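Listed in TrEMBL:
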DOMAIN    B:27-253  domain 'Cytochrome b/b6 N-terminal region profile'
TRANSMEM  B:60-79  transmembrane segment
TRANSMEM  B:125-144  transmembrane segment
TRANSMEM  B:156-176  transmembrane segment
TRANSMEM  B:222-246  transmembrane segment
TRANSMEM  B:278-299  transmembrane segment
TRANSMEM  B:342-366  transmembrane segment
TRANSMEM  B:386-403  transmembrane segment
TRANSMEM  B:423-442  transmembrane segment
Amino acid sequence: MAKDDNGAEDVTAADSPGAQLATSAASTAVVTRDGLVNPGFPPHRPRITDLDRKEERKAERAVYTLFYVSIVGSVFAIAAYMAFPIVAEDPGSVRLNNLFIGLGLSLALLAIGIGAVHWGKALMSDHEGVDERHPVRGTEPVRARAVEIFQQANEESGFGRRTLIRNSLIGALVVFPLPAVVLFRGLGPMDEDPVALLHETLWKKGVRLTMDPSGTPIKAADVTLGSSFHVIPEGLSEMGHGRLEEKAKAAVLLIRMDPRDLTEAEDRKSWSYDGIVAYSKICTHVGCPVALYEQQTHHLLCPCHQSQFDVENHCKVIFGPAKRALPQLPIAVDAEGYLIAQSDFTEPVGPSFWERA
Amino acid sequence: MTTITTREPVDDQAVGAKKSGGFTASAANYIDERTSISGAVKELGRKIFPDHWSFLLGEVALYSFVIILLSGSFLTFFYQASMAEVIYEGSYAPLKGIPMSVAMSSTMDISFDIRGGLLMRQVHHWAALLFVAAIGLHMLRIYFTGAFRKPRELNWVIGFILFILAMAEGFTGYSLPDDLLSGNGLRIIDGLIKGIPVVGTWISFLLFGGEFPGTDIVGRLYSLHILLLPAIIVALIAMHLLFVVVHKHTQYPAAGHTNQNVVGYPVLPVYAAKAGGFFFIVFGVVMLIASLFTINPIWNYGPYDPSPVSAGTQPDWYIGFADGAMRLIPSGWEFVWLDHTYSLNILVVLVVVGLFIVTVMIYPFIEAWITGDKREHHVLDRPRNAPTRTAIGAAGVTFYASLWSAASSDIMATHFHLTMEGVIHTLQVTTLLGPFLAFFIAKRVCLALQKKDREIVLHGYESGRIVRLPGGEFVEVHQPVDEYERWKLVSYNDFKPLMLRPNAQGKIGPAEKVRAGLSRWFFEDRITPVSQTEVNQAHGDHPAEITNK
């Protein structure tokens, strides 16, 4: 008998070629001379179904009953399909349909499964079998023959000898997939430059700030102290093509605070209007909408990775993985009292990218 | 097969088959004469598979994949992978009249207008969650029992690639309904890709067919999800199982089990009944969960829009570790240098998660290099008998668990009334220090268990029976362990730390020095297996054992 670490002497005599390597200098395995000996298989213990005819019959009954139960389950599922139709605009009917078809199928499947396993465990022979293992590597003659075949093929083809043929073939095989790589350039539009696109949004001088999603323009007077609005540029809600792409860059959060709470840089003093500030809603980390505004602390929170921005202080990052402040949209009020943009954002919005700086 | 031929050997097989049996025999004969399948039956029909509950984890993974294929095929008949905009006119009243993509609208129809459609969607999603979980647990079983050792290193790598592909399948599938949550998931992927130096902007541009979100991504992910990835997975599963047949299954140490045999039940009939039945049990359990518990209620989220998102958004569980890693990066990890932006808050996540994943993939080769062990191993290690490996595993699990729980940092904060900052800072600490603590504890526990095993082998179990010896001394009777149980406790591999020896030039290379250091780290605290001599001595010490019973 052998043990896994070849502790017993006789194992080295076994057919595993690895066994001899165990003692080579490279391995740090300890080969024990004094190990215990594998006692062999313990005596077989018969099951209750082997000893008691009544138990055996009971198990048999359980197995075929389960298989019949499975049929009942399948039929029930079909019946439930018909008996619990989905009624338009009634979510409860969907729930019942889902539940009863599902329960029928569960019963059908579980009964087959439990029945088969019970059959295997309680009734089928429980005498364990033993298979011999052989080393995974091929036997020496087979390996020798494989080497011979390669040598013969090399001889007959001249693969090793005719180096010009061989090397030019390798070259051709390396180059031939390249056109396929080039073809994938077509995944993106040919005539657009992503870097330029990332630098511009729909906002420009005079574009009104409108409500998301209705597109109603917002009067400065309607923005009460402490309130916040989800804002899109005028015209975006009517766009057909490219609406979501533009919205993904142009979404803005409008907040009115007590002007005394705002700490504004000198060059940005003119970007707000009477305590109303507008900031890009797209997180500078990986681009989730920074949608949660905490009125008391004037903090904005990104729900994806918990970056927090301080509205009082130009939306600088106060916590979380984002690095840059949310870009500010310079705003003003037009003659009719509606809020408008003074210009586009002065820097790209959203996540960082290589060419951004 | 033997029943067909044993009764009376006849030269003409066809005649023999007709004589010996009815329809089954002639059908078998018909097929065999055209396929020589009898050879496969002879080879595999009585192949032995060992029994252990932990061997079922891989089966659960395989069966959930079959369930995914079945339910997924059903879904493809109804789902339409188009991002063209339509106005929803289905049965779900709250979303009526709202513009959404055809993908979202067809998913809504599957859920609300096709009988059993919601059930199949939920079976598909639950089975997918189970698939990745079962692969993960299966990998842990393989790792902690050392089943990745020679000759199974390559199969470990195949299984590992399957794990990655399963997560890729999960993510691509998660994105297909084009609802608010899946769109946000893609938004995060877009942000991650854009953070890659030099090529990031262009990769994002090509992937989305222009600017995010574009109208191409769902169709492209659909091709990956139902064609390319499943094809690779099926091929790799076939290879994975082929290797299991070639290597024959590993077995736990037990009396009669050796490195040269495999002990268990034959494929026909026992294993077929148990494994086949187990498929139906797994399917039944998934079906039961799908009929009772809602998963991914896209009708609550609505169609994708880049502007709204709700608090408490969570990815599917298997993406959690990557999402959590992103949350743990401290503020300010980004800089501009030479007019280019370096987003360390993204790169560090990609590099750390990447390194972790690669380390897991190549671990078998690292350990083989340290031990220098070139033998085949078919008898598994009990985790305690490889203390350093087990401790490394515990450290890895702790690291992963820290990242994973960070993906729920906001939910933990709101549920337990903690500050967001406090939760994140705590998890930053557990991510960095937790693995070391886990390593230390796991290693000590393993060594303690090994010592306990030695104690049991040498002195038996404490029976709780106190006996007074003739001399007046009280001793507790120890119940000796039987020789079969004892074999389980003593048969394990023993390694010594590598002794450095100069090579032929009389030098010790730096690689060898590293190896010796690692070898010392692995094996310096070792508990050797009990030897026969020790057993003989121990028996001499305990006359009570002999008199007992």
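The first residue you see is number 1, and the count goes up from there.
Cβ atoms here come from the backbone N, Cα and C positions, even for glycine.
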Among B:278-299, B:342-366, B:423-442, stretch most in contact with the transmembrane segment (B:156-176) (C-beta, under 8 angstroms): B:342-366
Per Cβ pairs under 8 Å, the stretch of B:278-299, B:386-403, B:423-442 packing most closely against the transmembrane segment (B:60-79): B:278-299
Arithmetic mean of per-residue pLDDT over the domain 'Cytochrome b/b6 N-terminal region profile' (B:27-253): 96
Sequence-remote partners of the transmembrane segment (B:423-442) [C-beta within less than 8 Å, at least six residues beyond its ends]: 324, 327-328, 330, 387, 390-399, 401-403, 405-406, 409, 412-413
